[in-house]
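Here is the structure we will look at, set down as structure tokens.
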4 protein chains.
Amino acid sequence: MRFTSEQQEEIQQQGQATAQTRRSTVPALEEILYHPYPVLDHGFIRVVDYMGGDDAVVQAARVSYGKGTRKISEDTGLIRYLMRHWHTTPFEMCEIKMHIKLPIFIARQWIRHRTANVNEYSGRYSIMDKEFYIPQPEHLAAQSHQNRQGRGAVLDESAAAEVLALLKDDAARCHHHYELMLQDEENGHGYGLARELARMNLTLNTYTQWYWKTDLHNFLHFLHLRMDSHAQFEIQAYAQVMFDILEKWVPVTAMAFKDYRLGAYTFSAGMLKVLKAMLAGQKIEQESSNLSKREWRELMDVLEAN
Amino acid sequence: MRFTSEQQEEIQQQGQATAQTRRSTVPALEEILYHPYPVLDHGFIRVVDYMGGDDAVVQAARVSYGKGTRKISEDTGLIRYLMRHWHTTPFEMCEIKMHIKLPIFIARQWIRHRTANVNEYSGRYSIMDKEFYIPQPEHLAAQSHQNRQGRGAVLDESAAAEVLALLKDDAARCHHHYELMLQDEENGHGYGLARELARMNLTLNTYTQWYWKTDLHNFLHFLHLRMDSHAQFEIQAYAQVMFDILEKWVPVTAMAFKDYRLGAYTFSAGMLKVLKAMLAGQKIEQESSNLSKREWRELMDVLEAN
Amino acid sequence: MRFTSEQQEEIQQQGQATAQTRRSTVPALEEILYHPYPVLDHGFIRVVDYMGGDDAVVQAARVSYGKGTRKISEDTGLIRYLMRHWHTTPFEMCEIKMHIKLPIFIARQWIRHRTANVNEYSGRYSIMDKEFYIPQPEHLAAQSHQNRQGRGAVLDESAAAEVLALLKDDAARCHHHYELMLQDEENGHGYGLARELARMNLTLNTYTQWYWKTDLHNFLHFLHLRMDSHAQFEIQAYAQVMFDILEKWVPVTAMAFKDYRLGAYTFSAGMLKVLKAMLAGQKIEQESSNLSKREWRELMDVLEAN
Amino acid sequence: MRFTSEQQEEIQQQGQATAQTRRSTVPALEEILYHPYPVLDHGFIRVVDYMGGDDAVVQAARVSYGKGTRKISEDTGLIRYLMRHWHTTPFEMCEIKMHIKLPIFIARQWIRHRTANVNEYSGRYSIMDKEFYIPQPEHLAAQSHQNRQGRGAVLDESAAAEVLALLKDDAARCHHHYELMLQDEENGHGYGLARELARMNLTLNTYTQWYWKTDLHNFLHFLHLRMDSHAQFEIQAYAQVMFDILEKWVPVTAMAFKDYRLGAYTFSAGMLKVLKAMLAGQKIEQESSNLSKREWRELMDVLEAN
């Protein structure tokens, strides 16, 4: 149950109303406005407003008076130039606002991105829904032994089933007791406890929701960190949907972002030295490279990747 | 010459194009979109984009799924409540982007508001126009003797004329030499100096321009500080125009801002004590008030103002 | 068990080492450096570093070359003037860094203050301790009926006992299962689950800890919001300890903060009108005041408070 | 005249006073505390306070209770790991405060770094000194023809002399008239104009000064952008001095910054493809590389640099 029927009705209404505007618009984004993209088992992301697009980036870079009259190819070149040279302020001229539903333990990672505006559903004011994130069995992985903060092999079937049972039972029991604490005493089996106190009994996989608004520069920064293979799988799932939204919103910027951020790699001074020696035909081993084992492995990984 | 004819044409074109949008729109703001409001002798402010309005503030406060179905009176009450109790995050959900032309010494005050996005016309990249701020004679005031950073009486006519002549001559000569430094040597009377160097010869009343984008909360904070009677007259002139824009954009928020910020006054603990004694019919003088002379005068000013 | 014996040893070591410095120092704060103040049942706050004090505020305001040679009374007057007139940048010149242990549901409120630097204990990387916040019975209050996000009467003894039993049982069971999920399979009764997954089974009253660093201006802003009687009791408990620290760190600023923020009240334009009429001897009722019932009650509360 | 005799005396006094502290100290930075490093013809940078050092970065990364007991090599490895993987929050735990004197046109570039605290000498409140930046002849360069915002060849001797004469004359005349406007009318040849107005007659090479405070992460970001060969020479001069300060303050971080930022290069997805083909022994030309001419040249520059 991602939405109540009342919510579904409201979403539908939002989708139908249109108005005239003299603002810059992005038709591909208008099409998916208000539409909820499902993420994980109960979460979603939906765009509820935006300001600007690729043209606003160009306009800011030119501090010109309008959309400019130059050819598309020049605008594309300009955006790619800005991205390559880390000229970030023109990307700050676009904004996007999303409505997001996500588990609390992911919300705690997410909120560390400070340069965004947030209004979260309040557990002091309202009652938290009975919805928890329960992973798919194929996402229940063992602690990695190489990586202190990563995942290793997937649990076997029976172990996964037992873990899932624990997760479900504990979340359900805690929420049941939460409701019991909240219930009015009058009906004989409740305590009327303040919401701001009762909520502490909920588990960290309980879903919350918020409006989250950020500018394009910080949106890209979020994606860069959270689409990374070292990010927790659950936040990667949100970032992946946000990248699809990015491609609709600012296709030229999205392509430049792919080439100069997602698909790029930064070589350290030491790595550059090794690289030049290799190009000059020298045979280099880790021992003679002056790189640590970890750096050497990272370098090899990049050079051997397809 | 606020605009070149080329710019005027572009502004006119922007005003004509319209598109369909499913985003929230504010008709009163749409009407003045792209329109330049004159400020000082050569400056202007024009809104070039916006996101959200009073309804977005309400929506964020409710973290609801839509515009809500409650009555206008309830929305108004909610916005007033948020303003009165300094609940600032819902006001961060709206954005406005303006194109502003202003003298450099005012730009230096303005930029101290750090929570905004800025793209300024670059003197490294482009040639600065020959436009300087020259005050109206009635704004040429003497240094205040009470206030270390304020203005006192207006200069008399002949003194004003002499000051204006100095300002005009110096600005013009400096700009003329700036152009001379820039001019290509080939034509025999220039030096081809780098723009990033030549610009240092300009005076601080030279006009610059920028795109300036901020959220509604920080927009209000800017207005609160810069509409204040202690702010420099020239930045007050910009703030006054921005307040007019505010009233078109978010009329309910603007009214609440007037009541709870512009027209409000914060009484210190000591002032509250004095106030209560007065209401109880006691006669209080500065000497017996425990307030400093300066605080006492401020209190009297507030209580005696109309 | 606030600290392990290993931690206690480390804290003691930190307290003993001293060095010479030419930086500005605050002897009263040096005395309590590293000392953990207990908060709630398992939490604490301890100052681990600081920069500047009242003198740095004065120095910044004067942009002078040194500590200044003026009398203390002048420095005090300057700080009070800055506070009264919301000149905030000089207060940004001081920093404080604290080590804080607090329940996750409070950490979620706290982190909304974005203008701070934070490094939190990571549940992806490390195992969360078995410590939960369990309120004292006298803090277990019913939901307020007047205030949608507040507390009303304290629960009676038997109800409190039942709620506490639920809180303790659920937190303990969830943590036990968390440990079970983490345990290596090899010993026959664990699953070796990744830490980043297992943690979602913990309840929101589990304790976390972080280093939190902020400047004095934002520290005061935090206190202003979180010492307020409408803030949740549990975060007020932290704010109260932080105010004690403030008084040691910057005694002059702390006193000004008390007079011009904590003990102050902002009258709206409408309230000022009522006030002036009252001072002029008129008899005003809510009906004739043009104030809403809620605003009228707030005004009366302020005027009648001692 | 970088300092008045009064200022020199104050600086000397600051250098002599010492106190005991239990805070973490950095002896190499203590040695240069308050010492003014000259920059350009009249500017300077001097460190006036700091908080933390390399050990605070490590402490934050470990969220441990003390300085940790691990070996230096492990701390070094940790800092290098944090730098390489863009884990920025531990670097935010250190702060530095500097007193800087710089020309206004450079201050305008500098202030665009928003994540810092600033208190600037106020031209509304005080009288601006008669000091202007006049470049050395060898820094007077022509506009670059390749780079729209760069410098090309140095001006020849006679052209340089003429430009310098213009710069000196205009700055001096403007400041003289500024003083005349400010002078009290009483003595017969002044106008008593408000300082906030008169200052607009000054040229952009006039010196100003400020206290500037930032955390280590943002300090590094500033250096990364402003030590770059594309930054304006005059701000590079400040950045170079700041890098020397960095090496005294946090030597391990400084070395990691050199390897992973200053000496590093980011290869785009397209460049990586070319690189792999080259390493595989293929012969690639720009035409067959799928890179634009500009990108190809940048790649060759990196691979051919020593």
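Each residue, glycine too, has its Cβ placed from N, Cα and C.
TrEMBL does not curate its annotations; it predicts them automatically.
Worth saying up front: this structure is predicted, and the values here are computed from it rather than measured.
C:Arg199 is the residue from C:Arg80, C:Arg151, C:Arg199, C:Arg261 that TrEMBL records in the dUMP site together with C:Gln109, C:Trp110, C:Ile111, C:Arg112, C:Glu120, C:Tyr121, C:Ser122, C:Gly123, C:Arg124, C:Arg226. Broken down with DSSP, the region 'Disordered' (C:1-22) shows 12 helix, 3 strand, 7 coil.
Recorded residues C:Glu120 (FAD binding site) and C:Ile111 (dUMP binding site) have their alpha carbons 11 Å apart, per Cα-Cα distance.
Of C:Thr89, C:Leu216, C:His221, all annotated as binding-site residues, the residue with the shortest Cα distance to C:Ile111 (dUMP binding site) is C:His221. Inclusion criterion for the binding-site residues C:Ser122, C:Arg124, C:Arg226: a C-alpha placed within 10 angstroms of the C-alpha of C:His113 (FAD binding site); this criterion is met by none of them. Applying an under-8 Å Cβ distance to chain A, the binding-site residues C:Ile111, C:His113, C:Ser122, C:Arg124, C:His221 reduce to C:Ile111, C:Ser122, C:Arg124. In space, C:Gln109 is the closest of the binding-site residues C:Gln109, C:Ser122, C:Arg124 to C:His221 (FAD binding site), judged by Cα positions. Of all the binding-site residues given, namely C:Arg124, C:Arg226, the one with the smallest number of surrounding CB atoms inside 10 A is C:Arg124.
According to DSSP, C:Gln109 (dUMP binding site) sits within a helical segment.
Annotation for C:Ser122 (dUMP binding site): no spatial neighbours, criterion Cβ-Cβ under 8 Å with sequence separation of six or more. Using a Cβ-Cβ cut-off of under 8 Å to chain D, the binding-site residues C:Thr89, C:Gln109, C:His113, C:Glu120, C:Leu216, C:His221 reduce to C:Thr89, C:Glu120. Between C:Arg226 (dUMP binding site) and C:Thr89 (FAD binding site), the C-alpha separation comes to 21 Å. C:Ser122 (dUMP binding site) carries neither a helix nor a strand DSSP state and counts as coil.
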